[in-house]
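A.B. asks: Pulled from TrEMBL, these are the listed features:
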- B:45-461: domain 'Amidase' (DOMAIN)
- B:74: active site, charge relay system (ACT_SITE)
- B:150: active site, charge relay system (ACT_SITE)
- B:174: active site, acyl-ester intermediate (ACT_SITE)
């Protein structure tokens, strides 16, 4: 199993990452090596194995229970790189808006 | 070193002396920093510290079983009002959490003093603490070697005596492996026993807060104070955690698994020697050895590097330059995300996000992620079958003793394989304890790992204690304090 340069760029786009031009080849090589390694799983007989996403005993989730403690908006905004009043400020998200 | 008679003492001893008024909480905390003045410059275990902050915390520490006892916690545990929480990453530079993690709240309520935040591999991704934006931590036993990772900072600091206790996080071995490399105890509890609230998420189905201490009794005390259900973490178990107060009871009548096939090749002779010595100790103390073959760890590593990276790619999507951390200047939101993330994350984090994104992406999901989840079931069954035959298993922690800085940073797969004996416990949700076993001829710490079924912490601690006193049954039940093994040469 191998990943080529285009595949690295495609995954990087999905992950909102930019891989510098010179690093794409190295990343393709390293990821391919890891995929070759995980191919070992094909040696296991997994026919009767249902997928485990969590350890079952711990996955018995309960209903939410409000406990009264909450974060103020001031505390939540304290680390914001840019803010305006009680909002996180970002560049325009919607394009071509006609007033 | 050292005129400081408090340095290197167990947490239980320090807390008792503070409670009796023989020393103040400030003195207890500063005794560790006296050691740091000699060692910290070279070891670099600390990511964030502040003398004023810790003095204030010591003065105001409430009465409790850990009053005045210094604790170093990993930089991925949220602490409010004292230190930054940055996960060793530029993407969280300067970030201060608005709340305490539950384990931090419980520590403070018990009277403990946060003496520093410990260095770590960025977002807990690494096995050597070389992937930190603050630079590497070094092994206090040999400065040319790594302390292990990803919780290398707390492990090294507990080893050289900055604090008798530390907290880390263990997703694939990140507490047990650095504990082994630095010669201290390291416990990864049963999944769901310690709250993950306020632990910055990496692989949510695998992450568990882990404990460092130099003595088995200190691990037991710390576990008893931190374990238990938490309304803020729905994955914590509702039942009361197991009682570990009988940690000093010995191992008479217990049986331990001996899956020798796992170390017939690819494991350093010193590691095998430690296993044989540990088995002999346990037998001398009255435990019985049960030999059987076990599934090779390569399958666990393969499973882990799909499951953990998939979960990481999802968890780390929240770091996008919008709500916290530095933001790259941008005129549109797409480049704000891409630039902030690309400048903020280091190479190993990017590698794992890409791998996880790939494993989850359309067309590959079944072949990789789903297959890994099935393999996880197979691995869990393998452990269940083993624990039908023994109370716990004796295993290596890592295939080698502490390796050299730079030895594995250019070969990701080689680095991943240093977790081959620890990853299985995370996949199965079961506890593992790294137990120090003295020094090899080379002067590097040796260790073994004890792995048991869910909620077997009491058994693991009993066995860990038996190894701490080298199977000398006669010493059990006497004064808990054993000699601090640090071979201070300065």
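Using the three backbone atoms N, Cα and C, a Cβ is placed for every residue, glycine included.
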A.B. asks: List the same-chain residues at least 6 positions away in sequence whose Cβ sits under 8 Å from the Cβ of the residue listed as 'active site, acyl-ester intermediate', in sequence order, or say none.
C.D. replies: B:121, B:124, B:127, B:149, B:150, B:151, B:168, B:210
A.B. asks: Using a 10 Å radius around each Cβ and all protein chains in view, which of these active-site residues has the most neighbours: B:74, B:150?
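C.D. replies: Answer by Cβ density within 10 Å: B:150.
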A.B. asks: On the three-state reduction of DSSP, what should I expect for residue B:74 (active site, charge relay system)?
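C.D. replies: Note: residue B:74 (active site, charge relay system) is in a strand by DSSP.
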A.B. asks: Mean pLDDT across the domain 'Amidase' (B:45-461), rounded to an integer, is what?
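C.D. replies: Taking every residue of the domain 'Amidase' (B:45-461) together, the mean pLDDT is 96.
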